[in-house]
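What follows is a set of notes on a single structure, which appears directly below.
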Amino acid sequence: EVSRGDVQTCTWWRAPVIWEGMFDAALYDQTHAKEGSSVALTVFAVGRYLDAYLETFLTSAECHFMLALPVTYYVFTDAPEKVPQVALGPRRSLKVIRVPKHSRWQDVSMMRMKAISDAIESDIRHRCTHVFCLDVDQEFTGRFGPEALGESVALLHAYYYNLPKWLFTYDHNPGSRAHMDTGDFYYHAAVFGGSWRSVKALTESCYQGITEDKRNGVEARWHDESHLNKYFWLHKPSRVLSPEYCWDRQIGDRKAIRVARLQWAPKHYNTLRQA
């Protein structure tokens, strides 16, 4: 591993922060292939999000995501018959899991924690060593390889990684299970992962927090993302991904970003989030 002087490359608890220029890509590919690593990629495509984003997400993943390893896509959707037929490379497969449609996008975003946990228990743990959970409204635009794999993987939010801590939008409501006064970083729920065991623990914990909040008539500020930040504060990730792994073209300051590996698709919330 080499280092970079312009960005933080290590957390105070000694977890690497992965940036371009810090790793030998071929070495990671060989090592994980030798170790027999395999990856489940979960994505939710519910309501209009399926039509708007899923095909681009999958076709771009086929060009850039974990190309050295076996990958199984787990597409969670309320409309299995509308999942596009995408040409998959060797050792790559796709499974469709039906989920109920919720009228509020917040409920969709929170329900995914339980759905992922259930899928890990019933299927993923028997066929994959690692799991990555991604939002569908994104497009792969550069290598997203085994250098991103670890026991427990969090992503620095592209809008916050350069900001002072007091601007981080943690949930400050003491009545919520996601409540935090401070933290280490602000993590983005659009990308998280790890071994199947650690992702199962994370999704179960977040789902329990969400359920308890619901019983108490509380909703965390940023829904499942608030609970994810609380979880990673209490259980430090072993690997942290730089914003290269989920970048937004709208951000002006991109000095540190040499490669955008995954990018936010243009958002059309006003039409997409109608029931």
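The backbone N, Cα and C atoms fix where each Cβ goes, glycine too.
Whatever TrEMBL says is automated annotation, not expert-curated.
What TrEMBL annotates here:
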ACT_SITE  Glu225  active site, nucleophile
BINDING   Phe44, Ala45, Val46, Tyr49, Asp135, Val136, Asp137  UDP-N-acetyl-alpha-D-galactosamine binding site
BINDING   Asp135, Asp137  Mn(2+) binding site
Measure between the Cα atoms of every pair in Phe44, Ala45, Val46, Tyr49, Asp135, Val136, Asp137, the residues the record assigns to UDP-N-acetyl-alpha-D-galactosamine, and report the largest value in Å, rounded to a whole number.
11
Alpha-carbon distance [Asp135 (UDP-N-acetyl-alpha-D-galactosamine binding site); Glu225 (active site, nucleophile)] in Å
12
Across Asp137, Glu225, listed as recorded positions, the smallest other-CB tally within 10 A is for Asp137
Here are some binding-site residues: Phe44, Tyr49. Which one has the most Cβ atoms within 10 Å of its Cβ?
Phe44
Sequence-distant neighbours of Val136 (UDP-N-acetyl-alpha-D-galactosamine binding site) in its chain (C-beta under 8 A, six or more apart)
Val43, Phe44, Ala45, Tyr49, Leu50, Tyr53, Leu54, Phe57
If you count CB neighbours within 10 Å, which one among the binding-site residues Ala45, Val46 has the smallest count?
Val46
